[in-house]
């Protein structure tokens with residue numbers, strides 16, 4: 001697996017180096033035509049939505065109490081879910097990229113499963129796990145913890161669907177970074193925890209950052225699992241996508257305006273992340 | 001041992017695809033089971049395909065009526081599209097090829113008739129009222145609408161923006177009861193789901209939903225439900241290219257055969 005074949009999302013460093021070394025881009029013209037079609041396919045619907053926005057009412061629509069409450073809830077829960085994704089996803093990525101144990105492939109397959117699972121299915125699965133009648137629900141209920149219909153349920157649903165994004169990004173970054181520096185640190189007497197803290201994590205920080213941002217963006221858009229598992233109540237569980245879905249029933253203008261807000265937030269978040277890793281990648285990179 | 005990067009990217013892409021907001025429209029075709037001689041009768045006015053856009057709560061009944069229609073009119077095919085009434089109204093106003101529109105409330109039908117997208121006037125063919133749905137064991141021992149306001153109870157209702165939610169609001173106003181729901185769902189199916197899974201102690205759904213859920217929930221009727229009767233209108237879509245067949249289908253729904261199927265499912269007569 002050479003750095004040339006690495007996808008953009010996981011190997012900034014490799015790509016930057018590669019291009020600096022040879023200056024060869026080698027993209028046939030016809031690929032640009034197809035790429036243009038691909039870009040249009042994504043941009044045209046967004047443009048169509050922007051054209052539908054009732055600009056005269058835009059500000060009142062997006063600053064209504066229910067809209068602001070939903071946006072605030074979405075941002076708060078997505079931030080919490082991203083932290084949870086980092087806490088659970090970094091160890092998973094490390095174990096998948098560095099360790100070797102029986103059942104590793106199976107573990108990877110299961111960790112990645114939420115990527116291809118319809119979110120509604122995720123919601124049903126969570127319901128049967130943390131719900132009142134669920135696998136853990138009874139014990140939790142006994143302990144006085146009720147997750148269903150709470151903001152915690154929203155965070156769990158978001159974490160469930162967003163976790164693979166962080167794991168995939170970080171595992172890719174770890175593999176691209178290789179183990180040379182870690183091995184050197186170990187031969188110099190560093191303990192595994194020190195190697196992890198001082199060498200591995202700093203090396204893959206760009207990958208971790210972009211993984212975290214992808215997770216955040218995925219959390220922001222989470223709909224199916226939340227609706228199935230957490231319900232929909234203003235200020236508690238009704239995130240922006242749920243608010244949009246509901247507004248659409250009565251007020252198409254409001255739904256379009258809110259959709260635009262969600263797109264803007266997502267673009268800002270993703271745009272931010274795609275700048276940062278590039279800046280970091282300008283530092284001496286470990287791969288060659 | 002290593003998963004290829006290409007595969008990871010592919011998975012990522014697939015994840016993004018699956019993550020999109022997905023509507024809940026389902027499209028089914030009631031396949032014309034060959035009539036065993038007996039059903040071969042009557043109104044064979046036309047042949048071809050009739051596309052029916054019907055409210056999600058009509059799924060069971062309209063699927064049945066459609067196969068009866070196909071049996072009675074050999075050579076015809078009924079294509080059914082079930083979704084929320086407002087979704088369907090939007091789809092039709094955006095030019096979706098529908099011949100018949102059956103809505104769960106008059107408001108969504110009015111949206112289309114006001115825009116001159118309906119042929120003639122709509123006919124009301126069924127009514128539906130609310131009922132309390134509780135888990136079969138009724139753990140919170142609910143007996144009346146007023147019981148739903150008991151503190152600590154997990155009650156799930158429809159949001160006021162959707163027909164079942166506005167009906168709930170009407171009943172609340174009529175009875176002077178204020179509910180404190182733990183969730184306001186955007187469809188009656190989601191309310192029912194919260195009750196069948198045991199998450200909620202009670203939910204407000206339609207009589208027909210309770211009937212359709214079989215033994216999974218227990219229904220508790222309440223007299224105040226007559227304060228909010230939901231009327232179902234049906235009409236031929238103006239842009240229909242098969243109006244004869246559309247009218248024949250509507251005649252079947254509003255006729256004695258349709259009425260029997262509907263009343264068996266718990267719908268009332270308007």
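Cβ from N, Cα, C; glycine included.
The signal peptide annotation in TrEMBL covers B:1-27. For B:57, B:85, B:188, B:206, the entry in TrEMBL reads molybdate binding site.
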Compute the mean position of the Cβ atoms of B:57, B:85, B:188, B:206, which form the recorded molybdate site, and then list in sequence order the other residues of that chain whose Cβ is within 8 Å of it. B:55, B:56, B:104, B:128, B:163, B:164, B:187, B:208, B:209, B:230
Within the chain of residue B:206 (molybdate binding site), which residues six or more apart in sequence place their C-beta under 8 angstroms from its C-beta? B:57, B:128, B:129, B:130, B:131, B:164, B:188, B:230, B:266
Including all protein chains shown, what's the count of other C-beta atoms within 10 A of the C-beta of residue B:57 (molybdate binding site)? 29
Would you mind checking how many other C-beta atoms are within 10 angstroms of the C-beta on residue B:188 (molybdate binding site)? 29
Taking the Cβ of residue B:85 (molybdate binding site) as the centre, count every other Cβ atom within 10 Å, in any protein chain shown. 28
